[in-house]
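Enquirer: Sharing a structure with you now.
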Amino acid sequence: MTATAIRHDWSLQEINELFALPFNDLIFRAQGVHRQHFDPNEVQVSTLLSIKTGACPEDCKYCPQSGHYNTGLEKEKLLEIEQVVAEARAAREKGASRFCMGAAWRSPTKKDMPYVTEMVRQVKSLGLETCMTLGMLNDDQATELADAGLDYYNHNLDTSEKYYSHIITTRTYQDRLDTLERVRSAGMKVCCGGIMGMGEDSDDRSGLLMQLANLPHHPESVPINMLVKVAGTPMEDVEDLDPFEFVRTIAVARILMPNSHVRLSAGREDMNDQMQALCFLAGANSIFYGEKLLTTANPEADHDRQLFNRLGIRPEERDVNHTEDEHEEALVNALEEERNRHLFYDAAQIA
Ligand code: SAM
Ligand code: DTB
Ligand code: SF4
């Protein structure tokens with residue numbers, strides 16, 4: 001078995017061809033890639049906290065926090081640092097290894113920065129990895145966050161470039177790409193993905209994955225969200241996506257970005273255990289853990305613990321920032337182990 005090449009030059013046609021594989025072949029291939037790069041029985045666990053809720057000036061049609069729609073959400077000012085740290089400590093006690101703080105902002109203001117950087121410092125001092133999602137950043141803000149020790153910045157592209165203006169009109173795709181570039185240049189790890197089931201077509205799902213996979217560096221973390229339909233948003237009645245199409249999206253993300261953590265992100269509350277197991281089989285190896293996402297429900301932590309036990313999945317201790325060389329070495333060791341154990345057939349046979 002040869003190592004999966006890390007590519008940044010995928011064409012839409014190649015990606016569409018992966019999506020079009022018979023389901024079993026696609027999953028087999030994705031699982032093969034997954035086993036070359038990760039322990040297949042480990043899943044990274046993050047907990048989310050909304051540090052500033054609602055009244056967002058952006059008009060993202062999926063979002064309960066946009067001030068453009070009436071979703072009945074109670075808005076909140078930026079939380080006190082002590083409250084954020086207390087929530088982070090509680091998440092750590094429950095077993096999270098990363099704490100993600102989200103704000104309903106278009107961008108942080110100058111006045112917000114000392115608060116959010118202090119949150120990073122204090123949450124990090126608990127031994128947790130830190131992630132923030134605060135909207136668009138300028139160069140100085142990206143540097144300030146990196147200097148505070150922020151590990152990850154989440155900034156989703158959400159969908160393809162072609163479908164973007166159907167979903168959001170208050171910013172452009174290029175705005176998003178610019179922030180991603182600033183986050184990278186400042187030295188932080190990138191968390192970037194999208195939402196499925198927003199009425200997009202299959203080219204849009206391929207187009208999003210093409211954008212992500214053809215970035216100069218793959219995002220370390222790729223959240224694949226299933227739309228949570230919230231009453232009052234323009235997307236409340238959008239047609240359901242075929243769940244197998246969602247699983248396929250995870251499988252293709254796994255194949256295109258072998259070293260990235262692919263997160264089975266929002267939408268698990270509406271998925272049964274079997275569907276989630278299929279997503280793990282397709283190569284998802286990260287989840288949000290804890291009863292709440294930002295403003296909507298997530299499965300009970302107890303239920304997730306039981307699901308992990310039933311599937312023999314262990315929470316990943318910490319996300320280690322492997323270089324591509326280290327991955328290469330880890331890969332050789334993992335392959336050797338697989339060969340010795342005769343656990344898996346050569347996925348390349350099907351490729
Ligand atoms: N305001 C910042 C931004 O947009 O980057 C950070 C917070 S925003 C809520 C983070 C991400 O949550 C969005 O980019 C979107 O992908 C996801 N999201 C928001 N509402 C969602 C929904 N109803 N279903 C699934 N994902 C959603
Ligand atoms: C991501 O891709 N999904 C998370 C996180 N990154 C910030 C947010 C999901 C939000 C779902 C709707 C809500 O709870 O408000
Ligand atoms: Fe605001 Fe982010 Fe929601 Fe868009 S996704 S409305 S930017 S909170």
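Here the Cβ of each residue, glycine as well, is placed from N, Cα and C on the backbone.
Predicted, not measured: the structure shown is a model, and the values here were computed from it.
Feature table excerpt (TrEMBL):
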DOMAIN    41-268  domain 'Radical SAM core'
BINDING   CYS56, CYS60, CYS63  [4Fe-4S] cluster binding site
BINDING   CYS100, CYS131, CYS191, ARG263  [2Fe-2S] cluster binding site
Enquirer: Listed binding-site residues: CYS63, CYS131, CYS191. Which have a CB under 6 angstroms from an atom of ligand 1?
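Expert: Correct list: CYS63.
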Enquirer: Rounded to the nearest Å, what's the C-alpha distance separating CYS131 ([2Fe-2S] cluster binding site) and CYS56 ([4Fe-4S] cluster binding site)? Just drop the number here, would you?
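Expert: CYS56 ([4Fe-4S] cluster binding site) has its Cα 20 Å from the Cα of CYS131 ([2Fe-2S] cluster binding site).
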Enquirer: Select the closest residue to ARG263 ([2Fe-2S] cluster binding site) from the following binding-site residues, measuring between CA atoms: CYS56, CYS60, CYS63.
Expert: CYS63
Enquirer: Using the alpha carbons only, what distance in Å do you get between CYS60 ([4Fe-4S] cluster binding site) and CYS191 ([2Fe-2S] cluster binding site) once rounded?
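Expert: Cα of CYS60 ([4Fe-4S] cluster binding site) to Cα of CYS191 ([2Fe-2S] cluster binding site) measures 19 Å after rounding.
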Enquirer: If I take the alpha carbons of CYS56 ([4Fe-4S] cluster binding site) and CYS100 ([2Fe-2S] cluster binding site), what is the distance between them in whole Å?
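Expert: A Cα-Cα distance of 18 Å.
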Enquirer: Where the criterion is a Cβ under 6 Å from an atom of ligand 3, which of the binding-site residues CYS100, CYS131, CYS191, ARG263 meet it?
Expert: none
Enquirer: Between CYS63 ([4Fe-4S] cluster binding site) and CYS191 ([2Fe-2S] cluster binding site), find the distance joining the two CA atoms and give it rounded to the nearest Å.
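Expert: The Cα atom of CYS63 ([4Fe-4S] cluster binding site) is 19 Å away from the Cα atom of CYS191 ([2Fe-2S] cluster binding site).
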Enquirer: Near CYS100 ([2Fe-2S] cluster binding site), which residues of its chain come within a Cβ-Cβ distance under 8 Å, counting only those 6 or more away in sequence?
Expert: SER46, THR47, LEU48, LEU49, CYS131, MET132, THR133, TYR152, ASN154, CYS191, PHE288
Enquirer: Check the DSSP secondary structure of CYS60 ([4Fe-4S] cluster binding site), expressed as helix, strand or coil.
Expert: coil
